[in-house]
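Taken from TrEMBL, the feature disulfide bond covers Cys7-Cys38, Cys17-Cys28, Cys39-Cys50.
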Amino acid sequence: MSQKDPCQKQACAIQKCLQVNNYVESKCESVLREMRRCCARYPKGRSVCCSGFEKEEREREKNY
C-alpha cells in the first residue's frame with residue numbers, strides 16, 4: 001500500500017495558482033518556493049510530485 005505523497009498539497013497549490021493566474025509562473029513564485037522546500041525535506045524519489053523539481057535541480061547542478 002503506497003503512502004500519500006508528502007508534497008501533494010504543495011503540488012495542488014501550484015496548479016491552483018497557475019490556473020487562477022493564467023499560467024504565469026512569475027505570479028506563483030511563493031507556492032513554487034514552498035514546493036521546493038517540501039521536496040528538499042524528503043529523499044529523492046520519495047515524492048512523485050517532486051520529480052520535475054528534482055530534474056530541475058540536477059540540470060542546475062550540471063551547469064555549475
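From the backbone N, Cα and C atoms, a Cβ is placed for every residue, glycine too.
What TrEMBL says about a protein is an automatic prediction, not a curated fact.
Sequence features, as recorded in TrEMBL, placed on the structure.
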residue: Cys7; record: disulfide bond; Cβ neighbours (10 Å): 25
residue: Cys17; record: disulfide bond; Cβ neighbours (10 Å): 18
residue: Cys28; record: disulfide bond; Cβ neighbours (10 Å): 21
residue: Cys38; record: disulfide bond; Cβ neighbours (10 Å): 20
residue: Cys39; record: disulfide bond; Cβ neighbours (10 Å): 23
residue: Cys50; record: disulfide bond; Cβ neighbours (10 Å): 26
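Using a 10 angstroms CA-CA radius around Cys7 (disulfide bond), the disulfide-bonded residues that qualify from Cys17, Cys28, Cys39 are Cys39. Note: the CA-CA distance between Cys39 (disulfide bond) and Cys17 (disulfide bond) rounds to 18 Å. Here Cys38 (disulfide bond) is compared against the disulfide-bonded residues Cys17, Cys28, Cys50, and the shortest C-alpha distance is to Cys50. Across the structure, Cys17 (disulfide bond) and Cys50 (disulfide bond) place their CA atoms 17 angstrom apart.
Here the CA atom of Cys50 (disulfide bond) lies 17 Å from the CA atom of Cys28 (disulfide bond).
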